[in-house]
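*Asks:* Input: one structure, supplied below.
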Amino acid sequence: MTTQQDFRAMPTPAERAVADVPGPREHLTSPRTQAVLKIQQALVAGARELMAAEGAVELFQPLIGPVTDPGARGAKQVDVDYYGHQYKLMASAILYKQTSLVAFDKVFFIAPNVRLEPLETSSTHRHLAEFHQIDVEFACASRDDAIALAERVVRQAVRKALATQEDALRLIGRDTAKLSAFVEQPFEVLTHAEVLDRLGHPHDPGTEIGWQAEEFISGRAEAPFFIVDYPKGSRGFYDKEDPERPSTLMSFDLIAPESCGEICSGGERESDYVKIVTRMRETGENPAKYGWYLDVVREGIPGSAGFGIGLERLTRWVAGLDSVWQASAYPKVPGVVSP
Ligand code: ASP
Ligand code: MG
């Protein structure tokens, strides 16, 4: 059982050093970086294999569009001048994931995302201003289906890395027996409320679990685990509100062990036009901005569930890295000027 004191002893962003990222030549010629990037390639290959076996179609996400995911908490979006129209760089593929289901029942993207995270995240070891997600959406799926699928994707990705990257994992000193044991057991599912109890720290049940608290529980976890039932307000308008428990979302996060914290977010989605517009208004979003998306929704999109796995975060955990920037060839640590 954890105590309040334990949690509060976690270093704050100000007490942590901002990542010291080497220049591109030093970073890219490092045998460690090369090993990590090969492990990442195996993770992607494993995820693609699983998606193919599930019958999912891989699409390529637009990089710019009139709107993007507003659910990226605290991060700023990037404007692009598109022939005089103010466009955004994609913060996630969510709008395209939902609308692509009019063509295919099962879709996925391995998509770049840009989020100008707050400056203090430069020392969290888990934020990048530019990163990739293995972004999955299945029509007519429930949250439980998406949870089970996310578990299968992570397991297959890690198995692929273990099977094909023995040398790279050895070079970086990863304990492969431990890694294998982590993914060969079922991942536990805890509710948001249960996690707050375990934290033993007075916490507003209506708010997100902060990254420090999450790092703390992750450090004590014996395997990856899911957290379900995040409160409304902690996610974008697209995660469905539980009809039986208003103000609770049918959302989930996957938390990796070894202090890595969240590596995946997802949920069952809202697909009803009126409810989506209401949720947009409730979250302070102007529905008029979402014209193209709402036009598709109004004519009908299937109910769905899906998730996005942070590829660099998954790589960080699998490779046992101190920091997520080490899992990128050209890392963009928030606020750090870099190529
Ligand atoms: N859009 C979510 C995110 O980027 C992922 C998802 O729910 O599919 O965190
Ligand atoms: Mg997330």
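Heads up, the Cβ atoms here are built off N, Cα and C, so glycines get one too.
All TrEMBL annotations are machine predictions without curation.
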*Asks:* Write down the single range among 1-28, 197-224 that appears in TrEMBL as region 'Disordered'.
*Replies:* 1-28
*Asks:* Averaged over the whole of the domain 'Aminoacyl-transfer RNA synthetases class-II family profile' (37-339), what is the pLDDT?
*Replies:* 95
